[in-house]
């Protein structure tokens with residue numbers, strides 16, 4: 001029956017329970033449902049407008065035999081129920097009796113928890129159960145003991161199902177990822193055994209019309225196996241969570257329902273021909289769904305129970321269709337710079353000739369429209385690949401190399417060869433300019449040379465540090481310089497006295513100083529340096545000239561002293577770069593004042609001025625870096641910023657933008673698997689958010705090899721459930737592993753990597769459990 005003619009009388013119903021149920025089962029007439037849980041064992045009648053409680057088998061009993069993991073209803077007798085309890089007890093119930101007599105039989109033969117129980121499809125007295133002890137028991141309710149025991153050679157049997165196609169065949173799935181087929185008459189050995197999943201298999205279900213077996217596992221996959229002859233994988237469905245239950249949809253060959261054990265609370269119906277998105281979803285539950293069942297042959301009614309203590313009767317017409325809300329287009333950027341784009345192909349009817357374009361033909365075309373369930377898997381898409389033209393970038397390597405390879409090689413080459421620390425800035429710029437030139441990045445080469453010219457030979461400090469060096473004479477550096485000048489003052493005084501007596505300096509690069517007032521001599525006749533100034537050497541003067549104090553240099557003289565000085569003496573300045581553009585005055589000796597005013601700051605003539613520009617390049621450099629990022633070269637923009645060191649504080653670039661550059665460049669390095677280079681960039685970052693990237697996703701969660709439980713304790717290899725450290729031992733030699741540990745994600749066993757290399761050179765299965773480990 002197609003989806004377009006669903007039963008519109010079917011509605012969604014909900015009922016709250018006293019406790020959450022672990023399993024559900026329907027009777028042969030599909031008008032009653034049995035619910036079993038840790039504190040729940042009831043039977044409800046299914047009505048058109050809800051559920052009605054008809055039997056409570058637990059009552060006030062607190063026996064663990066009533067704490068059930070699974071429940072099964074006989075397919076031939078509506079009065080017979082079976083439950084599998086957490087203490088390993090398998091109970092048979094007769095609903096036609098009263099009180100305690102309802103518990104017809106109690107089989108206490110399993111040594112550990114019983115996970116599943118099911119009745120034979122054609123024999124009303126036969127049922128089988130699977131347990132954590134790795135055994136399968138076959139019971140005849142006419143006997144008080146099991147009639148057969150099947151040893152699965154695994155740690156736990158999670159589900160068993162009778163085949164609807166062969167009377168004596170049943171399947172069993174285990175926590176070691178294997179699937180077994182057994183003949184009830186041959187208890188000593190299974191017929192077929194194969195590894196279906198790389199993790200525990202929790203559920204299985206036979207297809208009602210085809211010889212297909214569906215399995216669900218912790219690896220978040222649903223697999224459909226063709227059991228005709230040798231088992232073969234037909235379809236695989238990838239889900240987002242661990243699969244807990246699967247049920248084939250009646251009257252729909254390719255539809256199967258599933259629910260998850262964790263994370264995902266919804267019930268999904270999948271079309272195995274389009275496995276990447278559910279055909280329909282039921283999202284009513286607010287906690288993990290623990291059981292699902294179709295109401296007999298009605299493909300539009302689904303029953304589900306959950307840990308939210310509710311039971312739902314879902315109408316298929318109320319299900320959501322994820323495919324209708326999904327984006328039918330997708331795009332991805334490749335590592336070579338190409339772009340892949342996929343979009344849905346719209347189905348258009350072929351154009352017909354004018355003669356045939358009649359009302360009758362259009363009527364026929366409308367009648368042949370396919371149903372929604374059929375159209376779902378017929379949807380298909382087309383993918384396009386867009387390549388970037390060679391003229392897009394200004395970084396060509398050679399005309400013989402294709403554009404994607406150029407960008408790929410230049411990025412990787414620069415990432416590996418660019419140096420961002422460990423040398424002087426001038427050396428870094430020179431090296432990185434050569435690397436950029438080598439890979440044809442001419443704009444980057446120019447930028448590196450510019451950085452070398454303006455930042456490599458000059459020392460830039462924050463503005464407040466520059467101003468304090470001249471305005472605050474109490475600065476420790478200036479105090480040391482004043483002490484040095486005071487110690488050399490007598491010698492300088494003698495030299496200056498000789499110059500003022502008429503001796504002409506031999507060279508034009510010597511220092512001229514104004515006549516010193518007699519007040520600078522103390523009463524004791526001892527000469528002291530001027531208290532209002534500090535005499536600096538030429539080297540010190542040059543090192544002090546920066547952009548912020550450049551205005552202190554006037555006409556070739558640098559003034560050191562109180563800024564409020566009303567008068568300064570001017571002497572003939574020597575020819576240099578700063579005063580070359582100013583007119584020179586020929587001053588005679590008579591024009592000089594014979595005695596300077598008291599407390600006049602010393603005026604020193606600078607013989608050489610460094611080639612510092614009269615403008616600051618910081619804004620220009622920041623604009624250049626932003627432009628490099630805008631054209632897609634975030635590699636150059638960020639490496640320049642890192643190489644600048646403390647000078648980057650002078651650039652007016654927002655930290656949020658720099659953080660975005662870091663994330664972008666690190667992501668690009670990860671795309672090319674340049675892990676070491678990405679780590680170095682992260683370590684050189686001065687932003688806390690970027691520095692913490694190396695601390696993310698460094699933990700590898702493991703499971704116990706004995707019980708399969710995740711290890712989340714404080715001690716690394718100690719299992720809180722098993723109370724042992726068996727997982728820390730090598731499965732080959734049996735000794736505790738110290739150092740490199742090789743671990744199988746499928747069976748959770750491992751050991752010394754050297755021992756496993758030798759073992760798997762000759763074997764293919766795990767030495768401890770027989771799991772088919774994918775060792776490489």
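Numbers run from 1 along the shown chain.
Glycine is no exception: its Cβ is also placed from the backbone N, Cα and C atoms.
These features come from Swiss-Prot:
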REPEAT    63-103  repeat 'WD 1'
REPEAT    109-149  repeat 'WD 2'
REPEAT    152-192  repeat 'WD 3'
REPEAT    196-235  repeat 'WD 4'
REPEAT    238-280  repeat 'WD 5'
REPEAT    284-326  repeat 'WD 6'
REGION    466-490  region 'Disordered'
COMPBIAS  469-490  compositional bias 'Polar residues'
ZN_FING   703-726  zinc finger
BINDING   704, 707, 719, 722  Zn(2+) 1 binding site
ZN_FING   728-776  zinc finger
BINDING   730, 733, 752, 755  Zn(2+) 2 binding site
BINDING   744, 747, 771, 773  Zn(2+) 3 binding site
BINDING   749, 766, 769  Zn(2+) 4 binding site
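All features noted in Swiss-Prot, drawn onto the structure.
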residue : record                : DSSP (3 states)
704     : Zn(2+) 1 binding site : coil
719     : Zn(2+) 1 binding site : strand
747     : Zn(2+) 3 binding site : coil
752     : Zn(2+) 2 binding site : strand
766     : Zn(2+) 4 binding site : coil
773     : Zn(2+) 3 binding site : coil
Please identify the stretch among 109-149, 196-235, 238-280, 284-326 with the greatest number of Cβ pairs below 8 Å relative to the repeat 'WD 1' (63-103).
109-149
Among the binding-site residues 704, 722, 744, 747, which residue has the fewest other Cβ atoms within 10 Å of its own Cβ?
722
From 704, 730, 755, the binding-site residues whose CA lies within 10 Å of that of residue 749 (Zn(2+) 4 binding site):
704, 730
Tell me, in order along the sequence, which binding-site residues from 719, 744, 747, 755, 773 have their CA within 10 Å of residue 766 (Zn(2+) 4 binding site).
744, 747, 773
Below 8 angstroms Cβ to Cβ, which residues of this chain, lying six or more residues outside the repeat 'WD 4' (196-235), approach it?
156, 158-159, 161-165, 171, 173-179, 181, 241-248, 250, 253, 256, 258, 261, 270, 272-273, 275, 708, 745-746, 774
List, by number or range, the same-chain residues at least 6 past the repeat 'WD 3' (152-192) whose CB is under 8 A from its CB atoms?
115-116, 118-122, 126, 128-136, 138, 198-206, 208, 211, 213, 215, 217, 225, 227, 231, 706-708, 746-747, 769-772
Of the binding-site residues listed here (730, 744, 747, 752), which is spatially closest to residue 704 (Zn(2+) 1 binding site) when Cα positions are compared?
747
List every residue in the same chain as residue 733 (Zn(2+) 2 binding site), at least 6 positions away in sequence, whose Cβ is under 8 Å from its Cβ.
751, 752, 755
Same chain, outside the repeat 'WD 5' (238-280) by at least 6, Cβ under 8 Å from its Cβ: which residues?
1, 202-210, 214-218, 220-222, 224, 286-294, 296-299, 302, 304, 306, 314, 316, 319-323, 326, 373, 376-377, 379
How long is the line from the C-alpha of residue 744 (Zn(2+) 3 binding site) to the C-alpha of residue 769 (Zn(2+) 4 binding site), rounded to the nearest angstrom?
12
Does residue 707 (Zn(2+) 1 binding site) have same-chain partners at least 6 apart in sequence with Cβ under 8 Å from its own Cβ, and which are they?
155, 719, 721, 722
If you take the centroid of the Cβ atoms of 749, 766, 769, the listed Zn(2+) 4 site, which other residues of that chain have their Cβ within 8 Å of it?
176, 705, 731, 744, 747, 748, 765, 767, 768, 770, 771, 773
Inside 10 Å of the Cβ of residue 755 (Zn(2+) 2 binding site), count up the other Cβ atoms and send me the figure.
18
Starting from the Cβ centroid of 744, 747, 771, 773, which together make up the recorded Zn(2+) 3 site, report each further residue of the same chain whose Cβ lies within 8 Å of that point, ordered by sequence.
198, 745, 746, 748, 749, 765, 766, 769, 772, 774
Given the recorded Zn(2+) 2 site (730, 733, 752, 755), which additional residues of the same chain have their Cβ within 8 Å of the Cβ centre, ordered by sequence?
731, 732, 734, 735, 737, 751, 754, 756
C-alpha of residue 773 (Zn(2+) 3 binding site) to C-alpha of residue 730 (Zn(2+) 2 binding site): distance in Å?
15
By a 10 A CB contact count over all chains shown, which of the binding-site residues listed here is most packed: 719, 766, 773?
773
Close in space, distant in sequence - residue 730 (Zn(2+) 2 binding site), Cβ under 8 Å, 6 or more apart:
736, 737, 750, 751, 752, 755
